[in-house]
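Among the features that Swiss-Prot reports, transmembrane segment is placed at 27-47, 97-117, 128-148, 176-196, 204-224, 270-290, 308-328, 351-371.
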Amino acid sequence: MNTGLDLEVSFNHLLQDMGLSSTISHLLWLPLPMLLVLTAALIGVLVTVWLERKISAAAQQRIGPEYAGALGILQPMADGLKLLVKEDIIPDKADNLLFTLGPVLVLIPVILSWLIIPFGQNLLISNVGIGIFLWIALSSIQPIGLLMSGYASNNKYSLLGGLRAAAQSISYEIPLALAVLAIVMMSNSLSTIDIVNQQNTLGFLSWNIWRQPVGFLIFWICALAECERLPFDLPEAEEELVAGYQTEYAGMKFALFYLGSYINLVLSSLLVSVLYLGGWGFPIPVELIANTLHQSINSPVIQIITASLGIVMTVFKTYLLVFLAILLRWTTPRVRIDQLLDLGWKFLLPISLVNLLFTAALKLVFPFAFGG
């Protein structure tokens, strides 16, 4: 189902109607995608931080933030401003270049990964044919930044935290990639748009979660580990490592780690929504909505309605998963480092391999149901 809304085409037509040439309109469009990504990511982080604070307060029978704006909604902005004006301290014996570069290498790949996230048929920044592969490639850069930050701090706690972060990320990237590969195999495409379209034929019955329940669980567990969320927050375990690789960081550099962690959480939830929960798709087929309203499926009214509802559905599914991740953080104990690595290498990796082989077999036997 095509929403008929293409951001770039609509923007260029608008500027050309105002008298600007096509060349100028294309040049003005170039910086907009990244601005849209940054805006969406920052808004997503602000909402997620506020949710985390209120849910954690409820779990601990507290009130939580309530003075900064209505219901404390402006508290994340107050925290950000506080970190922004704090002094930027670099330890005397730290490696200045690596110490500064580490947080940047952690944040930039996460932000760039938002380029492939679709909120509708044409409502995404970059519709590249290898979107999933691009995301996996970008996510593999983050452990380098974490290890670099821990090493450059010249602190034993920071180094241990960086080593843990790198080991954890590498251990869980492989089963995560294998779980995604099963989805790619069924969709016959690496494009996030194609993966969502393949799930929108029969409403919620065609969502990949029903055909890949094991893959869904593997992906979700690995995503939480990649985000370093409890019960997998070993790299920054306060009782053992003070703050892990973040120990020597303050001010804006610390804020970059904080920002990257929450952007990664929202991104992971978006990817689960896209890969397993139909993305912008509705629980019922779009054709039923068009028939109920007595409109053609290609009419402008239906196009606008489906595009708007598609954004709402994507955000709703995403924050449902964010809510689940926050609940898990405040209700589960931290695992040990040996348990963490055993889970990744001895359980999730073999299970993800078996799941991939089983998916390939089902695709051969039941091609109509598994994308043959």
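For all residues, glycine too, the Cβ spot is worked out from N, Cα and C.
The stretch in 97-117, 176-196, 204-224, 270-290, 308-328 that contributes the largest number of Cβ pairs under 8 Å to the transmembrane segment (351-371) is 176-196.
Residues of the same chain lying 6 or more positions beyond the ends of the transmembrane segment (97-117) and with a Cβ under 8 Å from any Cβ of it are 33, 37-38, 40-41, 90-91, 124-126, 128, 131-132, 134-135, 138-139, 141-142, 144-146, 148-153, 192, 245, 248-249, 253, 256-257, 259-260, 263-264, 267, 270-271, 274. Tallying C-beta pairs under 8 angstroms between the transmembrane segment (308-328) and each of 176-196, 204-224, 270-290 places 270-290 first.
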